[in-house]
Amino acid sequence: MAPTAAAGLAARDASGHLSPLTISRRSTGDDDVVIKILYCGICHSDLHSIKNEWKNATYPLVPGHEIAGVVTEAGKNVTKFKGGDKVGVGCMVNSCHSCDSCNQGLENHCPGVIFTYNSVDKDGTVTYGGYSSMVVVHERFVVRFPEAMPLDKGAPLLCAGITVYSPMKYHGLNVPSKHVGVLGLGGLGHVAVKFAKAFGMTVTVISSSPGKRQEALERLGADAFVVSKNADEMNAATGTMDGIINTVSANIPIAPLLGLLKPNGKMILVGLPEKPMEIPPFALVASNKTLAGSCIGGMADTEMIDLAAKHGVTAEIEVIGADYVNTAMERLAKADVRYRFVIDIGNTLKDAIE
């Protein structure tokens, strides 16, 4: 089959302004799945990428790696999916399939990983993301949606969800007897709270915004709330947490936060501050604490979507039309969203382009 034309929304330069673009999707390979995109979440990474804040953008750039839709075609070797299946695609669309990382289901660490957008595909072309009408993906990187999982509220789990689920699983912060802190209550943080409660853990939200206390406790189900700028509250929480999932992308003092951990406690970074972080060695060494990082998750971690469906874990979203996407980006830059924008691709992309 010949390549297929698809509708997309692309940034042409570092202004980040998104406008219609007709893109080409590769012909369907024997191992490929073709997906009609119905929803795509807006991740903060999309904003960084379209504005070239990470200095690696290739324009035109079509962002989006929180994709949900339905299968319209499957290659002859595909065994897991058929037409009509509800599916999603996260941050990756392919890898080498043969390295140690791939063999362990850790494709996110494959030296040859191909990301969903702004990455070089195996044919040398640049990948385009989910702000588009359809996508062609190797079946290994397609996630089946359980019937109980709505596509719009489930789409953000393919990035935000896996980003917090994977380190909680890997670092043992998924045990009912443990106490986890969630630093930051945004797109990542609110999902981390929900997963931690699904694991049966005690959850404390740590935030610089006192106004989020009621939201955290009453709407999201956190057990406690600590204002990071309140010395009394921070002192009261000192040494109480087994781990902290740090979702904040701002540059903040790390030593007071490490003080909240018990001896042998772990802080896992999933947010990416623009500037280097100052690490206080004594705060780690004295109580045998660990500071670690985590980058999304491998395909083995997509069991996350089944656990989410079982426990009713979904993202809190604001569904928008494709013609609102630039306004949404402006609002996202100001943290003016509770908690994730999701573009209604299926119903609005065509109208926005025409």
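Just so you know, glycine gets a Cβ as well, placed from its N, Cα and C.
Taken straight from Swiss-Prot:
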type    : residues                                         : note
BINDING : C43, H65, E66, C159                              : Zn(2+) 1 binding site
BINDING : S45, T163, 184-189, 207-212, T247, G271, 294-296 : NADP(+) binding site
BINDING : C96, C99, C102, C110                             : Zn(2+) 2 binding site
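Everything Swiss-Prot records as a feature, shown here on the structure.
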residue	record	contacts (Cβ under 8 Å, 6+ apart)
S45	NADP(+) binding site	P63, H65, C159
E66	Zn(2+) 1 binding site	C40, G41, I42, C43, G88, G90, G130, A155, P156, L157, L158, C159, A160, R340, V342
C96	Zn(2+) 2 binding site	C102, C110, P111, G112, V113
L188	NADP(+) binding site	A160, T163, V164, I245, T247, V270, G271
G211	NADP(+) binding site	none
I296	NADP(+) binding site	G90, C91, M92, N108, C159, I162, T163, S166
Neighbouring C-beta atoms (10 Å sphere around the C-beta of L185 (NADP(+) binding site)): 26
C-alpha spacing of C99 (Zn(2+) 2 binding site) relative to L185 (NADP(+) binding site), in angstrom: 36
Cβ neighbours within the same chain of S208 (NADP(+) binding site) - under 8 Å, at least six residues apart: V227, S228, K229, I252
Extra residues within 8 Å (Cβ to Cβ centroid of C96, C99, C102, C110), Zn(2+) 2: S95, H97, S98, D100, S101, N103, E107, P111, G112, V113
Zn(2+) 1 site shell beyond C43, H65, E66, C159, criterion: Cβ within 8 Å of Cβ centroid: C40, G41, I42, S45, D46, G64, I67, G90, C91, T116, G130, A155, P156, L158, A160
Candidate with sparsest Cβ neighbourhood (10 Å radius) among C102, C159, the listed binding-site residues: C102
Most crowded position, judged by CB atoms within 10 A, among C43, C99, C110 as binding-site residues: C43
